[in-house]
Ligand SMILES: O=c1ccn([C@H]2C[C@H](O)[C@@H](COP(=O)(O)OP(=O)(O)OP(=O)(O)O)O2)c(=O)[nH]1
């Protein structure tokens, strides 16, 4: 038998997928058990093969007045493998067009949760109501691996470049690294 010499990997060019191949058109798949509490509604659906979020539909009609919240059902319960969580995110289009978002974005669905996935919606528009009909796609579910930390208490933490600088410590709207004058946000006030 002739020994084959393994082909050395070619170094990826800048911007290229590391193997030299085009990137996969869809992410690696994970089997997630799903139970339809409302068989009239679809399973979570990825609108495009490479989407991170699978759309979730509301089980009920609801009208949200400006500033109003509502918890809607999705008719779905799932069993995630241990080490995963699902996150209920808003849909960008509804947020941009109507101000519809998720109050607790992203909502966290724990691996052990077997109840119905619910969506806590809020209409942030100041003047327009929004009416959602049963079956409308109101949110998206992103499934991710999560780590469980082992919290090890120490007297001092290792140093870092940011250190203890928190909210706004790198400046206002201006870029902090371009050497130019920074546009600070002194004039910006949040409404109370
Ligand atoms: O947008 C969401 C967020 C949560 N849940 C469900 C799944 C989750 O596992 C459970 C509890 O959520 P979370 O832990 O965020 O809520 P909590 O207020 O901390 O409640 P708990 O004391 O039950 O942990 O509620 C949803 O259906 N939708």
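Glycine too: its Cβ is placed from the backbone N, Cα and C atoms.
These figures come from a predicted structure and were not determined experimentally.
These features come from TrEMBL:
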{"type": "REGION", "residues": "1-29", "note": "region 'Disordered'"}
{"type": "DOMAIN", "residues": "42-171", "note": "domain 'dUTPase-like'"}
{"type": "BINDING", "residues": "91, 92, 93, 104, 108, 109, 110", "note": "substrate binding site"}
{"type": "REGION", "residues": "161-192", "note": "region 'Disordered'"}
{"type": "COMPBIAS", "residues": "163-174", "note": "compositional bias 'Gly residues'"}
{"type": "COMPBIAS", "residues": "180-192", "note": "compositional bias 'Basic and acidic residues'"}
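On the structure: features taken from TrEMBL.
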residue : record                 : DSSP (3 states)
91      : substrate binding site : coil
104     : substrate binding site : coil
109     : substrate binding site : strand
So if I draw a 10 Å sphere around the Cβ of residue 91 (substrate binding site), how many other Cβ atoms end up inside it?
21
Would you give the longest CA-CA distance, in whole angstrom, between residues of 91, 92, 93, 104, 108, 109, 110, the set recorded as binding substrate?
26
Scan 91, 92, 93, 110 for binding-site residues whose C-beta lands under 6 Å from an atom of ligand 1 and note them, or write none.
110
Reported mean pLDDT - the domain 'dUTPase-like' (42-171):
97
State the count of C-beta atoms found within 10 angstroms of the C-beta of residue 108 (substrate binding site), not counting that atom itself.
11
Determine the Cβ neighbour count for residue 110 (substrate binding site): the number of other Cβ atoms within 10 Å of its Cβ.
11
